[in-house]
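Written below as structure tokens is the structure these notes are about.
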Amino acid sequence: MNFYSAYQHGFVRVAACTHHTTIGDPAANAASVLDMARACHDDGAALAVFPELTLSGYSIEDVLLQDSLLDAVEDALLDLVTESADLLPVLVVGAPLRHRHRIYNTAVVIHRGAVLGVVPKSYLPTYREFYERRQMAPGDGERGTIRIGGADVAFGTDLLFAASDLPGFVLHVEICEDMFVPMPPSAEAALAGATVLANLSGSPITIGRAEDRRLLARSASARCLAAYVYAAAGEGESTTDLAWDGQTMIWENGALLAESERFPKGVRRSVADVDTELLRSERLRMGTFDDNRRHHRELTESFRRIDFALDPPAGDIGLLREVERFPFVPADPQRLQQDCYEAYNIQVSGLEQRLRALDYPKVVIGVSGGLDSTHALIVATHAMDREGRPRSDILAFALPGFATGEHTKNNAIKLARALGVTFSEIDIGDTARLMLHTIGHPYSVGEKVYDVTFENVQAGLRTDYLFRIANQRGGIVLGTGDLSELALGWSTYGVGDQMSHYNVNAGVPKTLIQHLIRWVISAGEFGEKVGEVLQSVLDTEITPELIPTGEEELQSSEAKVGPFALQDFSLFQVLRYGFRPSKIAFLAWHAWNDAERGNWPPGFPKSERPSYSLAEIRHWLQIFVQRFYSFSQFKRSALPNGPKVSHGGALSPRGDWRAPSDMSARIWLDQIDREVPKG
């Protein structure tokens, strides 16, 4: 296995092409197709999709009934088949072909010097500017063979073209109007196993039609859990009564991977790498997809499968798709604003319902001046405001221990006072010393032993105090630990920060919490004074503050469990898709190896934009795998209630992640050893 090969990780490079049409000149059009096919070959593309009636042109109307044109189409088609024998891509080319007593609007599927099959257009429009049935026959229900170049090849709308050496690549083809009907052929094909859906389109442009196409293609890719490759006719088509924009686009499960400039001068291609393993994973998890297949089994089981050997390149061809560094945090500013609005209000509404159900208890929260407790506090404040409850019913406690820094403690105090909540400070130092002495810990006799017991005595006492205060004052303990910490087991179990009465942060990863706080600042919800404190919190190193300063420069969470940016990246791929470690490493390398490439979320400081080598990615992935699969599940199995927030998933044992607490991570670690280079 070549780790750097996209094809080895289930990607398929596809191209949606629009060329310069020479109407009524099939030889010229075939030559244009061949030029673009060679360019796609050089790009390492496995598929090249061309517009409807590629070889004749779409806009030639009754000329389609002329024998000379049809003869020239067949000759040009055979030349194209022969000339493309040494090319990698599967070519999907439009052609009017004679069959029985009619002409059919077809897509001819060509690979390595052979015609794999011919797909007729199912639905021919005869409304508004369209009059296709005047010249051609509808292909819905057609199943059989057609004679091309002296050979019988498969003909019908029931064809799936499957790469025998790339199991995730199964192609189905439909033509233009087929996408616009309520039950398109591609939907049946997806249920039958197609992962890549191609559409050859004529589709003249009018105001608003491009957006209609985008909506339909996006919807098809999302509903079918598939890729949708769309290519429309452009320059060179007749403008006697119509115009053409040459729109090409590639969608994958509702996400736009590539789109070309419309109204191009000359040829254009949209090229992207489709993740067939992602599509397979989504279908595997969404059981109703296969339930739908069973319901339509008479249709789906009648599809014919045509196998071919793709023989894709084994080397590094790069990766032609955006891999988000922060899959929980979109880089698009508008989408990030929307996500932050939704995440924040999911948390707030979740807490509101719990408070209503308990007849409005006080909210008891430990505040440290760190990200998580800061965000939980502002969520609680907003919930109280919405419910018309006094902010003084929030009881915020600073619980300094042996290593609490003045900066973080001051941030906690300033924030609590600026918000107008009830604030108190309880120094746990004396109680912690007593406990350490009682259990005979070396620290109690002056030894500088800062082990896990030393840390957990402090973490446990903080939680113990909060629960007893909640008992005393009629409150509930609000948890602050986030999704990233739950994934890594970076919490103290039981009587510790793992436990609470309700946790608003349980579904929010660390990387998103930072942006939620930025969003709250920019929204100005709590005023300028609160915003200044929140910014100070954002500027502070993430630390548990459990080991005394001076022994280490600063106790860093990320030095122990890894950069949260990388670990959140791995968590998303594992939780949402169940990807292998080798694929996660491949994606992480493309996302993180160059800080100058790709997009960063808005507001992300330039001075804090890291890059990671493959060796670093591999090391922290090993840490993630060990902690996630083997070490930390017992903490998640006893997780308090809290709302799911992200589409990436949550870790509640009652929801997205149900796993045994006593499992080994060996198979994942072995796969890293075998398949991820050491850098």
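Glycine is no exception: its Cβ is also placed from the backbone N, Cα and C atoms.
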Problem set entry | Where Swiss-Prot places region 'Disordered' among the ranges 259-278, 639-658 | 639-658
Seminar exercise, completed: deamido-NAD(+) site partner of Arg354, Asn456, Asn471, Gly475, Glu485, Trp490, Ser491, Thr492, Tyr493, His501, Ser661 according to Swiss-Prot, chosen from Lys448, Lys635, Lys678, is Lys635
Seminar exercise, completed: Note: Swiss-Prot has Gly366, Val367, Ser368, Gly369, Gly370, Leu371, Asp372, Ser373 binding ATP, and from Thr239, Thr240, Thr248, Thr480 that site also includes Thr480
For this session: Go through the chain and flag residues at least 6 beyond the ends of the region 'Disordered' (639-658) whose CB is under 8 A from any CB in it; none is fine as an answer.
Result: 327-328, 343, 346-347, 349-350, 354, 479, 483, 486-487, 498-509, 512, 571-572, 575-576
Exercise. Which of the recorded positions Lys121, Gly366, Gly370, Thr480 has its Cα nearest to the Cα of Ser203 (L-glutamine binding site)?
Worked result: Lys121
For this session: Enumerate the residues of the same chain, Tyr127, Ser203, Arg209 excluded, that satisfy the criterion Cβ within 8 A of the mean position of the Cβ atoms of the recorded L-glutamine site; list them in sequence order.
Result: Pro125, Arg128, Glu129, Phe130, Glu177, Phe180, Pro204, Thr206, Asp212
Problem set entry | Mean per-residue pLDDT computed across the region 'Ligase' (337-679) | 94
Seminar exercise, completed: If we take the Cα of Cys176 (active site, nucleophile) and draw a 10 Å sphere, the binding-site residues of Ser368, Gly370, Asp372, Asn471, Tyr493 inside it are none
For this session: Have a look at the recorded positions Glu52, Tyr127, Arg209, Arg354, Lys635 and say which one has the shortest Cα distance to Gly370 (ATP binding site).
Result: Lys635
Problem set entry | Secondary structure at Ser203 (L-glutamine binding site), reduced by DSSP to three states | coil
For this session: Within 10 Å of each Cβ, count the other Cβ atoms, then let me know which of the binding-site residues Gly366, Gly370 comes out lowest.
Result: Gly370
